[in-house]
Amino acid sequence: ITSSGPWRNMAACSDSESSESVLRRRRTGKQRESSTGKQRESSSREEPGVEVPLQTGTYWLTRILLLRSISFIYCVAFAVAYNQNKQLIGQRGLMPSREYLRSVKRYVGGKIGAAALAYTPSILWFLDWEDMDTNLDGIALAGMALSGFVLLSGRANMIIMAALWILYHSITSIGQLWYSFGWESQLLETGFLGIFLCPLWSLDQMPRRCPPSLISIWTLRWLIVRIMLGAGLIKIRGDRCWRDLTCMDYHYETQPVPNPISYYLHHSPWWFHRFETLSNHFIELIVPFFTFMGRRMCMVNGVLQILFQVVLIISGNLSFLNWLTIVPSIACFDDSALAFLFRPTGGPRKTLRSIQAEDTAEHSPPPTKGVCVFVVPVVINLLSPRQVMNTSFDPLRIVNTYGAFGSITKERTEVILQGTLSEDHKAEGVVWEEFDFVCKPGAVDRWPCLISPYHYRLDWLMWFAAFQTYEQNEWVIQIAGRLLANDSTVLSLLGHNPFEGREKPRWIRGEHYRYKFTRPGSSSAAQGKWWARKRIGPYFPPLNLEGLRSYFKSRNWPQPDRQ
């Protein structure tokens with residue numbers, strides 16, 4: 001954010017015309033008349049049926065696409081929140097947000113004031129905590145409604161965009177472990193920048209008194225530069241496989257949630273994987289600098305970044321991260337470049353022609369003035385050999401650092417939860433039956449899911465838990481206890497309950513397996529198996545409900561019930 005830039009633009013977009021604007025119009029009156037005369041003379045010589053290209057350097061259509069793109073991501077994020085928040089952070093969730101807010105309140109001195117809001121910015125401070133599920137659902141539904149309106153209409157103002165930002169910030173701030181992913185901060189920063197694309201009050205799709213600010217366009221361009229450079233530098237400084245070009249030999253198989261296309265890409269020739277890694281370095285470390293090399297090279301950057309994100313979307317289920325990264329890339333294109341996405345006659349394109357014909361002289365000033373106070377820590381981090389990724393420099397997550405896959409796991413491990421009806425888990429012939437999650441690998445013959453941009457938060461966290469221990473992820477034991485109690489809240493997060501309609505399991509255990517893709521054409525693949533797996537050992541020992549009660553009590557977790 002540059003000093004005074006967005007606020008100057010906001011003032012210029014008010015419903016009342018400023019005296020400065022009136023004076024400017026008077027000063028440029030003769031110039032307009034001359035320009036209009038030339039345009040009429042030129043138009044009289046135009047061939048009938050030939051469409052005159054739009055002028056370059058304006059961003060009316062760009063703004064419409066940016067607002068719709070941001071609202072699409074918001075809509076997906078709020079849908080994920082509506083479907084999963086009650087189970088994760090609700091009244092009987094795995095990490096209840098009510099208890100989190102209480103702990104923060106105690107930490108800041110027992111008062112809900114500036115300190116509490118600075119530590120955890122959320123409107124939930126001011127709502128009734130006794131019905132937290134209703135609060136969480138209300139926030140998610142309000143977010144879906146507002147973002148859906150902007151997505152369908154292409155109309156927004158600062159009030160709506162600020163409301164979306166506040167609503168989503170209210171969720172992420174109390175989301176704890178389940179909202180610890182880098183794309184949450186990226187959405188908040190992108191959404192914050194989107195506020196200043198809009199007029200203050202007007203819902204006109206193309207408000208003539210509020211042209212898109214070049215400052216807003218350039219802050220979004222700077223965002224895509226930071227995202228890509230952060231991702232590229234963290235790789236070069238991180239895992240050695242990025243430097244010896246072997247990371248893509250492992251990535252498709254070991255990424256958090258592979259999809260069916262990941263299976264085939266994993267089995268690509270070695271030279272293709274080397275090409276992929278080199279291309280990744282080129283796009284993340286070299287191409288971002290095209291942004292500053294003029295209009296055409298900036299558009300080249302936009303095209304390459306969007307194509308790169310599309311490839312990533314196709315090759316794995318990485319939540320809405322790649323969809324979100326496309327958004328600031330759109331700012332690399334002006335109206336002339338994006339006109340083909342709009343109907344030639346009628347609608348925004350026709351209005352734009354009218355605007356450009358009436359006024360070709362007034363544009364927002366380029367971002368050459370002002371002190372970019374938040375740029376300094378970002379640049380220092382990018383240049384530092386101790387670069388950190390996915391970190392915020394302020395509690396509002398307005399400016400953040402980004403990066404992904406700085407290290408690549410070389411083998412895939414999974415935690416498989418199993419239950420049995422046997423009273424003695426040590427008895428001979430005990431039958432252990434497996435619980436399946438919605439999307440993460442489990443049954444070896446199950447088709448890999450294809451869900452992007454949707455996101456199953458628990459499935460992702462199980463991926464992290466698999467290369468750690470259960471002592472580092474105690475919530476896994478809470479899940480086991482809730483499954484023993486046949487807890488409907490936790491069961492709704494799973495894809496398959498082998499004990500549905502039967503007795504509750506008496507014992508639950510966690511088994512640790514190593515997973516590898518089967519080879520196309522092999523006998524296992526012919527049997528419909530996507531994965532081959534080998535047992536490593538126990539992840540946690542067999543547990544029963546009675547034995548877990550004291551464990552739950554010591555951690556202040558709600559006791560698993562027997563409903």
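Quick reminder: no glycine exception, Cβ is built from N, Cα and C everywhere.
Residues or ranges marked as compositional bias 'Basic and acidic residues' by TrEMBL: 30-48.
What TrEMBL lists as domain 'Lipase maturation factor 1/2 N-terminal' is 179-339.
The domain 'Lipase maturation factor 1/2 C-terminal' annotation in TrEMBL covers 398-541.
Under the heading region 'Disordered', TrEMBL lists 1-49.
Sequence-distant contacts of the transmembrane segment (60-82), counting only residues of its own chain at least 6 positions beyond either end whose CB sits under 8 Å from a CB of the stretch, comprise 136-137, 139-141, 143-144, 146-151, 154-156, 161, 164, 167-168, 171, 187, 190-191, 194, 197-198, 205-206, 211-212, 217, 220, 320, 323-324, 326-327, 330-331, 333-335, 338-339, 341-342, 348-349, 351-352, 355, 453-455, 457. Per TrEMBL, transmembrane segment is recorded for 60-82 (among others).
The transmembrane segment feature in TrEMBL is assigned to 108-127 (among others).
Under the heading transmembrane segment, TrEMBL lists 139-167 (among others). Residues of the same chain lying 6 or more positions beyond the ends of the transmembrane segment (139-167) and with a Cβ under 8 Å from any Cβ of it are 10, 64, 67-68, 70-72, 74-75, 77-79, 81-82, 85, 123-124, 188, 191-192, 194-205, 348.
The feature transmembrane segment is assigned by TrEMBL to 298-314 (among others).
Within its own chain, the transmembrane segment (108-127) is flanked in space by residues 97, 100-101, 135, 139, 166-167, 169-171, 173-174, 395-396, which lie at least six positions past its ends and keep a Cβ under 8 Å from the stretch. The average pLDDT the prediction assigns to the domain 'Lipase maturation factor 1/2 N-terminal' (179-339) is 95.
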